[in-house]
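> Please see the structure below; I have some questions.
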Amino acid sequence: MDGRDRRVWRAAPGTLAVVVVFMVVAAVAVPLLAYLIWSDDRGWVTPALLAALSVIALGYAWRFGLHPRLRADATGVTVVNPFSVHRFGWDDLRVIAPGENGLVLAGVDARAEAWCVQKSNRAARKGRLTRADRITTELFDMLEEHDPPLEDDETGLRIRRARPDESRVLTRLERAASEEELRHLFPPDRHPYPVTEVTRRWRRLLRDATVRVVVLEKDGEPVGFVAFDDASVRHLGVVPDHTRRGYGTALLEFATHEIFDGGAPQAGLWVLEGNEGARAFYRSLGWTESSDRRPCEFPPAPVELRMERRNPAAPRRGR
């Protein structure tokens with residue numbers, strides 16, 4: 001990415017057209033009216049008020065209509081709002097997502113909404129793609145130019161960031177990875193898969209700057225996922241047709257190494273107590289079971305247990 005790749009987005013063309021018309025009226029019509037009033041009765045109070053109103057209207061239109069912008073270049077993204085400026089380096093950017101009040105950009109320590117790029121609730125509810133979605137895609141493409149996905153041409157495997165519009169994709173992957181495997185804990189005739197709740201959870205996680213969601217692709221097709229924060233692996237799964245090929249291990253090791261590289265003394269995760277296959281899988285990779293237990297969030301609320309893995313680079317406690 002170089003200087004030629006610098007991009008600037010302002011308000012939508014329709015919005016800018018309305019603002020320009022408003023400014024023309026404020027700059028021409030209102031002063032003309034003030035002059036006509038003054039020339040008619042030579043009074044200065046009303047013309048002065050109209051002139052002041054014209055200046056205020058022009059300032060308002062510029063500040064809220066023309067001034068806001070979103071700028072992306074080789075070093076990161078800058079959000080210019082009417083009364084604030086926020087800067088995100090590419091390395092710091094965790095969230096890029098459309099929002100009703102502006103395009104959401106966030107890192108671990110900062111969050112901003114670009115006023116000039118908005119997506120209405122109506123468009124979001126109907127799943128309609130808008131200008132905000134197109135700009136989000138462009139920014140994600142620029143982010144991946146700066147920090148490309150991990151790819152292996154020989155195997156066709158690719159590990160990449162999940163995108164903000166992939167909540168349904170992740171729900172589909174998670175359902176495929178777990179529904180049949182866990183039917184003894186969640187009998188489908190009594191406890192159907194909670195598609196709505198899981199989709200809502202993924203939508204929330206994809207907009208949480210403290211959580212990273214990663215997708216594994218095989219020849220361009222999503223086949224697995226992992227979500228993690230700075231201390232724990234939240235969710236992990238591989239679709240049945242691609243299990244026992246090392247994909248789950250690759251995703252778990254990727255997440256664990258990222259957690260350890262962040263300085264965490266240990267990583268943790270929760271697994272269903274009745275999921276013996278998953279427990280054995282984690283133990284084979286150096287995870288140990290703790291005494292911590294909790295109920296699962298979904299009915300019939302089977303018990304989950306916590307497993308942990310120590311960071312080998314963390315200093316050991318003295319005895």
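Any Cβ shown, glycine's included, is placed from N, Cα and C.
Heads up, TrEMBL stuff is auto-annotated, nobody curated it.
Since the structure is predicted, the reported quantities are computational estimates derived from the model, not experimental observations.
In case it helps, TrEMBL gives these features for our protein:
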type	residues	note
DOMAIN	157-312	domain 'N-acetyltransferase'
REGION	298-319	region 'Disordered'
TRANSMEM	12-38	transmembrane segment
TRANSMEM	44-62	transmembrane segment
> Taking DSSP states H, G and I as helix and E and B as strand, how many residues of the region 'Disordered' (298-319) are helix, strand and coil?
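Summed by class, the stretch gives 0 helix, 8 strand, 14 coil.
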> Residues sitting near the transmembrane segment (12-38): Cβ under 8 Å, six or more positions beyond its termini, same chain?
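Distant Cβ neighbours of the transmembrane segment (12-38) are 44, 46-48, 50-51, 53-54, 57-58, 61-62, 65-66, 131.
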> Within the domain 'N-acetyltransferase' (157-312) only, compute the mean pLDDT.
97
